[in-house]
Amino acid sequence: MAEVHRRQHARVKGEAPAKSSTLRDEEELGMASAETLTVFLKLLAAGFYGVSSFLIVVVNKSVLTNYRFPSSLCVGLGQMVATVAVLWVGKALRVVKFPDLDRNVPRKTFPLPLLYFGNQITGLFSTKKLNLPMFTVLRRFSILFTMFAEGVLLKKTFSWGIKMTVFAMIIGAFVAASSDLAFDLEGYVFILINDVLTAANGAYVKQKLDSKELGKYGLLYYNALFMILPTLAIAYFTGDAQKAVEFEGWADTLFLLQFTLSCVMGFILMYATVLCTQYNSALTTTIVGCIKNILITYIGMVFGGDYIFTWTNFIGLNISIAGSLVYSYITFTEEQLSKQSEANNKLDIKGKGAV
């Protein structure tokens, strides 16, 4: 009798690995199926981000340059109001969540509202003053400034390859600027200020998001909400509001459509960025942004209407573009190596646990 029990026990022990193997196979098939189902969503999210980030530059350029709308401040104000309205409705419908306003919220957001305002207004003003190729190339300084900001605020380090490609982008920008026949000092000053503010804003947003106090929607909502009244006051006292009211293009349906689109595109771009990062990664978002900038550069040369061609400028633009492509490749490679290293570490930990 004891022998029979021993045999049954041995049989059960022998079957266990087979069952475990079957379960593992089913789990792997389930994971593969889930990955297949999300491929379309990943592509859709990346495409949505690319189209959104492309449209906001083109539409802002059209409103401020082609239609000669006189007030960058009022465009920025419209974007703030649209952001607050969309997020407020989203919260009321329980589509998005963020904390209610209380006395601690200003402390939790500071200095982001000021950076948000400065970033938005300088970006719009430089869009108005610069042709699209130079705008996109000079925006690459934001990568350099972001590296400095993340190094100081987040103690982040960067590889030699990343530093060299950023250096190539900057050299290309200098070469292009040296022969920019449409040079506008105000536009250059504002785009460089915008680059600094973009870098500081990005680093502080990451710092605030890591604390998980307000979340990404809360930060965006309160950044816009806190700056509506100051922006309105500045627009009133500088005469921008009066210029906007007296603008003759309000009767033009096509202008109204583009102005409205410009107002809502700020929120749409933010949402598209979140979706792309959620379904793909921050890396994919960066690469899509890089490809978008390349398209804007070449399209701006042909259709922008304010680009003046010179060989030196053209060569500088292409040096900067080549640097951005290599930057994307190196970033992608480093990300893949990092993921592979993490996966190997997890396997090692599991192996040690099994032993």
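Backbone N, Cα and C atoms are what each Cβ position is placed from, and that goes for glycine too.
From a predicted model like this one, the values you see are computed outputs, not experimental measurements.
Per Swiss-Prot, the features are as follows:
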- 1-38: topological domain 'Cytoplasmic' (TOPO_DOM)
- 1-22: region 'Disordered' (REGION)
- 1-11: compositional bias 'Basic residues' (COMPBIAS)
- 39-59: transmembrane segment (TRANSMEM)
- 60-68: topological domain 'Extracellular' (TOPO_DOM)
- 69-89: transmembrane segment (TRANSMEM)
- 90-156: topological domain 'Cytoplasmic' (TOPO_DOM)
- 157-177: transmembrane segment (TRANSMEM)
- 178-184: topological domain 'Extracellular' (TOPO_DOM)
- 185-205: transmembrane segment (TRANSMEM)
- 206-216: topological domain 'Cytoplasmic' (TOPO_DOM)
- 217-237: transmembrane segment (TRANSMEM)
- 238-253: topological domain 'Extracellular' (TOPO_DOM)
- 254-274: transmembrane segment (TRANSMEM)
- 275-280: topological domain 'Cytoplasmic' (TOPO_DOM)
- 281-303: transmembrane segment (TRANSMEM)
- 304-314: topological domain 'Extracellular' (TOPO_DOM)
- 315-335: transmembrane segment (TRANSMEM)
- 336-355: topological domain 'Cytoplasmic' (TOPO_DOM)
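Counting Cβ pairs closer than 8 Å to the transmembrane segment (217-237), the top stretch among 69-89, 157-177, 315-335 is 69-89. Within the chain, the transmembrane segment (157-177) has long-range Cβ neighbours (under 8 A, six or more residues past its boundaries) at 133-134, 137-138, 140-141, 143-144, 147, 151, 183, 188, 312-324, 326-327, 330-331, 334. Away from its own ends, the transmembrane segment (254-274) comes close to residues 45, 48-49, 51-53, 55-56, 59-60, 62-63, 67, 69, 75, 78-83, 86-87, 120, 216, 220, 285 of its chain (Cβ-Cβ under 8 Å, at least six residues beyond either end). For the topological domain 'Extracellular' (238-253), same-chain residues at least 6 beyond its ends with a Cβ under 8 Å from one of its own Cβ atoms are 67, 69-74, 232.
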